[in-house]
Amino acid sequence: MHPAAPGAAPSVQAPSAQSPSTQAPPAQSPSAQTPSAQPPSAQSPSAQTPSREPVAPAAAPGAADPAPEAGGRVDEPDRSGVEATTTAVPAATPRPRPRPTPAPVADPARPEAPDAEEGPTRPTPRPDTDGPTVAVAAAAATPAATPDAPPAETDPAHTERTPNWDSEATQVIPISTGAAAAEPSASGPTDPPTERIPVAAAAAAPPSRPSDGGPPSGGRSRRRLPLLIVAAVVAVLALVYVADLLLSSGSVPRGVTVAGVAVGGMSLADAEQELRTEIEPRTTVPVEVTAGEVTTQIDPVTAGLAVDWAGTLARAGEQPLNPITRITSFFTQREIGVATTVDRAAVDGALGELLPIVDKVPVEGTVRFEGVTPVAVDPVPGQHLDQPAAVDVLSRDWASGRPVALPLIPLPAKTTPEDVANAIEEVAGPAVSGPVTVIGENDSEGVLEPAVIAESLTFEPGEAGGLEPVLNPTVVTDALDDQLAGSEREPVDASLDFSTTPATVVPSQDGRGVDYDATLADLLTVLTGTGPRQITAVYADQPAEVTTEELQSLGSAGVISEFQTGGFAADSGINIRRAAELINGMVVAPGETFSLDAASGPRTAANGYVEAGVIDNGQPARGIAGGASQVSTTLFNAAYFAGMTDIEHRAHSFYISRYPPGREATISDGTIDMRFRNDTPTAVLIQTVWTPSSITVRLLGTKYYEVESLTGPRTNPTSPNTVNVPAGEDCNPSQGAPGFTITDTRRLTDVRTGEVRTEPTTTTRYNPSPRVVCE
């Protein structure tokens, strides 16, 4: 073995990465060299810096080397005073290990050369001391020292070099000058000196990178695994989807129900049979319907409703292709209802019969009084059956076996509960808080007590919203009339004095009285205000109803005609008297047409009429203003004989014995009237005289005609029929009377010229009066 050249730095070198085995140095070389490491110059005795290029793994031990002990470690020589450097290297396949060559011992007399400048290094990972160790050849830096020589000083900063862990090759490790004793090499002096140094093997070699610089092959495999799993799952789901689609082909889609009957998944034939079994019995049972709070029934047969079985199944649709829809169909249901054939006219008629019980008009809010305490009446909304929408709903749900809720159109009230509350607070409450004094003329005074105010005060919806107070002037006037009567003067109508011939006119006198319209104009302001609760009466002249001028227009005033009837019942007499009062004193000017319906109406309870006997559809009955026809007949005859022109009259449907046949007239409020026109040159005054047993009507004025009635015989008699009426107060038994036909002709003679004029004959046909039997 040759000593190392003086000044050469000791180094350890692994074989090159390109070489599969360790290349032994030539015999002439005094030091171990590698292809990647250049020998240092003589002027720089520092150690050679390890190459950054990858190198091959350490050589396997030779056959002559002793085998390592269990645990992967080899015996180390005693290197007292020398710090060993240990480096982890990747574990590799065991290779034949070269025979160890004793390393030269450093000359203790020569100072150790300083290390060469190191390049940048990576952080040193903690070596795995439990792993296997390998022997690394070391080049002797100096001649072997004697055993007694002191160890050379070692630079602590360069005692341990940081290995390049990115490389899979064995690292080149600098060795301190203190060398251990080495065994002679069997191969001769050409073998380089070596030293066994424990090196911790890496736990696992990092994956090699592909030549194209891509990611390590191991990482790529790990990233591909989730993709492969997803692909497998998708493939399985696709197979399941296709299988489900094929198996359900030709059947009703899953989850479908018809009127509560589940048919999803069935064949079309089975589904139709199931529907007929479950639903068909319902098609003849009355359907319960609700409309708001109203509950009633509709007969589906009468309403023209029938099930279209084929159309019902067609509504279920085809098998869905959407996989989400198919999955959710396992957990959900889809109600499609029955397809219905509808007779539109029939169903409209059935729904129309519900209108009287379903439709409700809104009730407006208001304020009523309990004595003198205002009470709120909140509004109630109305409703109207939405008939077109109800047809659709009924057609869809009638066979469901459940009540069908018909749609309604709400009809809101104009007022609100807030409007009612405001009316009480702002008007009703203050109005009845105390009496109101009315100051009249001639030291007269009237008082409106809170009870009278409460009776006269009502509320109506305002045009702009809210509630508006309304006073009933009749209630107020009646309360003040007697109290202020002493301050008024009544008017006096003009009249005729028949004590002379011709009659003379007694002039009319105007009166003076309270103008209540003007007096009460500010009453609401006083009732709701905070000022004095008093008002001043307003007075005005009150002309007579029959004036002097009107009677003077009669000319040589006298009785032109007069007619009287009687035989009426007491209740009818009340109505006769009221109508006679209303027309008494009326003047019909030349050319004017008089209407009894207008002059005596409205014939209502509010206008003084009561209920009495009437004829309703040819049958005896009772009604308001019964008996007014007797006034009509009496006035008609007075006008007939005064020569007035007949404009309108109608006879009763069957003959009434107290009237002249063929010359009588009925009347009905607003529908049947008795009218005549004054075609004479002067006015005509109507005068009525009523007694409990008769009514007399006179026409006063100038007489121009003598009138004669030519009445024909009764012809074409007809027998009465029998009418059975339940016994009670409303049943008036009667023997009845035959019907007949009669004619009448009026002949007029002009008193001024003697000219005679005969008018066309009128024919009246009376029905038989029925025979009434009370059962």
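Cβ atoms here come from the backbone N, Cα and C positions, even for glycine.
Sequence annotations record features per position, and here TrEMBL assigns compositional bias 'Low complexity' to 1-71 (among others).
What TrEMBL records for 1-167 (among others) is region 'Disordered'.
The compositional bias 'Basic and acidic residues' feature in TrEMBL is assigned to 72-81.
As annotated by TrEMBL, compositional bias 'Pro residues' applies to 93-105.
Look at TrEMBL and you will find 130-154 (among others) tagged as compositional bias 'Low complexity'.
Residues or ranges marked as compositional bias 'Low complexity' by TrEMBL: 201-214 (among others).
The annotation region 'Disordered' is assigned in TrEMBL to 201-220 (among others).
Per TrEMBL, transmembrane segment is recorded for 225-247.
In the domain 'YoaR-like putative peptidoglycan binding' (466-535), the DSSP tally of helix, strand and coil residues is 28 helix, 20 strand, 22 coil. Per TrEMBL, the feature domain 'YoaR-like putative peptidoglycan binding' maps to 466-535.
The feature region 'Disordered' is assigned by TrEMBL to 711-741 (among others). The DSSP breakdown of the region 'Disordered' (711-741) into helical (H, G, I), extended (E, B) and coil residues amounts to 0 helix, 14 strand, 17 coil.
Annotation comment: TrEMBL describes 712-724 as compositional bias 'Polar residues'.
Annotation source TrEMBL lists region 'Disordered' at 753-775 (among others).
A Cβ distance under 8 Å defines the sequence-distant neighbours of the compositional bias 'Polar residues' (712-724), meaning residues of its chain 6+ beyond its ends; these are 619, 661-662, 736-745, 761, 765, 767-773, 775. Helix, strand and coil content of the region 'Disordered' (753-775), in residues and according to DSSP, is 0 helix, 14 strand, 9 coil.
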